[in-house]
Structure formats: structure tokens, C-alpha cells
Amino acid sequence: MKSLVKAKKEPGIWMQDIPVPEYGVNDVLIKIKRTAICGTDIHIYSWDEWAQATIPVPMTVGHEFYGEIVEVGKEVQGLKVGQRVSGEGHITCGFCRNCRAGKRHLCRNTLGVGVNRPGCFAEYLALPATNVIALPDNITEEQAAILDPFGNAAHCALAFDVVGEDVLITGAGPIGIMAAAIVRHIGARHVVITDVNDHRLELARKMGVSRAVNVKYQKLSDVANELGMLEGFDVGLEMSGNPMALNDMMKAMNHGGHVALLGIPPQETPIDWNQVIFKGLVIKGIYGREMFETWYKMIAMLQSGLNISPVITHNFPVDEYQHAFQIMASGQSGKVILNW
């Protein structure tokens, strides 16, 4: 089958013909229809320090997908051939303390699809049935292909009560933009998103934010004053991994505010702990998606009218994957889809 493989320990990804994966009695085999490129895939392509330390070579990459079930393991119940599906890309152990307590997103033994085990940038994917998400008919193929990052956004955006609150989002990448759409959909008052990329800030405006702010040219304090905010932001969602953005967020928070951290810093990050302590801030780290409460909620939000389609800016046939990766890496895009 056709597959995109990290075949060499150097920058690049290669299209190769490899065998269709075998599937076990508790697995399903999925015919891949659409996939989306993630920032993780860009790290793997560029072969940066994280990728070199993490990715076994060779490895079929990719973890964001939509497809249809073509084979079902003999012990699988509740799924059938022909169903439209996406899936949770974190494979958990089932026996650690958190798994046994129903908190699988905190499994210490997690394996990532397309990172630690073969991924979805291929014509077929074998996946444990417990990780497969059957989709209702009113979820489009493109939406289904980006449910994984939409789930990151939902997990973060739903970490704290945002109804009637003023929300600051630092980082206008696709996940930050989708988080902005979510908090607006569920009832936040002012939603402010910051970045230094004008293309992505314009995309955020299309998703309904109150203000999209280029912090190279405008201060957060001025924006808050213009919006009539007298006491700072109630909820902060840090999506950028940028140390300066994190500390700017701490300064902009109201006393008693809540901060969710999803962005991954490139190195150890100094924090002004006086802002945290004297303001009584609550900080929560966010990783992946709650299994499977986040999935239920994000599908329900799409069914209730939340539109995330504007974040999808490019579609390419898989044979043009090199150009697709270049577009994604340029920062001049939202989500980029590969059609199989």
C-alpha cells in the first residue's frame, strides 16, 4: 500500500509501498480517505531534536484521519464494516493507575499513532477498536479528519468555566483558533487571541473572536481597556509554547484567574511566580483529549452548530504531500488536508 514514511534519519518524508498492516482480534482495519498534517508531523519531517530522540526509523507517520472500516477483528463488538470513523491517536495500556481509574488521557505508558507505532499516512490503518470513533452522518469528511486537533482545542477550552468570562488565547495556530471558536460558541464574553502571524490572526477573525491582536504592534493592556475590561482576563488558554506569551498571559490575568497550558515550550521556561502566587492563579496542564468525554462533547458541539471548517485552508492529493508539508510549515495556512 502507499504510505508516507520517515525512512531516513535526516530531514524529509518519503512515499513508499509497504504491506497492509495486520490487525488483531480486538482491532479494526480502516481504509484511509483523508488525513491532516499536524505540527508533530512537521517536527518529524524537519528531524529536529525532539524527533531524533523520539521517532524510531522507519516509521509511517500521521495521526489525524478520516476513513471507513473494511475489516473487523473477531472479538470486536459495536463496530462493523462500512462505518465512517475517526480515532483517538493515543493508545493506552489499560492497567496503570490512571487507566484503571478511567483517566486514560493520563496513562504513563501511552503510545502515539504515527509516533511510536505505525500511523495513518497510508492507505490502511490498524487500530484498537476501543480507540475507534464511529461518526454520525452530519460530520463531514474534512471535519472528521481534524477531530484529533479539535479535541486538543476542546479539552483545553472546556478545562474551566468560560460562560460570561473574558478569555485570552495566546497562539493563533489551528488549535488556538478552534479553541477561540469553542469558547465563543459556549458563551464567553470577550475572546482575545494573540500572535505575531497576521495570516493566522485574520483566520481567527473569521472564527468570531472579539479581537485578534498582533503583539508586535499592540499591547494587551490597551486591548483590554478598549473592550472595557477593568480587572483582567478570567481564563487564559496558552497555545503557543512561547515563553514571552506565557508571561504576558500571567500579567494579563485577573486575580483568581484560571490558566490552561497546551503549548509546548522549546526549552525550560522561567515564570514570574509572583504573578501566580499573589494573584492566586490556578494553572492546569493539558495533554491530548479526555477519553472519551472530550470526543462526545466536540461531536455534540459540531452537531449544535459550531463551525470549524474555516480553519481548513488547503486540500491536496497525497501525491503532492511535499508541497502540502511546505505550506503547513510556512505558517501561511490553517489545517492542511491530504486526500487519499
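Glycine is no exception: its Cβ is also placed from the backbone N, Cα and C atoms.
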Per Swiss-Prot, member of Ile175, Ile182, Ile308 binding NAD(+) alongside Asp195, Arg200, Leu262, Gly263, Ile264, Ile286, Tyr287: Ile175
Site of maximum Cβ density within 10 Å, from binding-site residues Glu64, Asp195: Glu64
Ile175 (NAD(+) binding site) versus recorded positions Thr40, His43, His63, Cys99 - nearest by Cα: Thr40
Cys38 (Zn(2+) 1 binding site) and Cys107 (Zn(2+) 2 binding site), Cα-Cα, nearest whole angstrom: 22
Other CB atoms within 10 A, centred on Tyr287 (NAD(+) binding site): 14
Binding-site residues listed as Cys96, Cys99, Cys107, Leu262, Ile264, least Cβ neighbours within 10 Å: Ile264
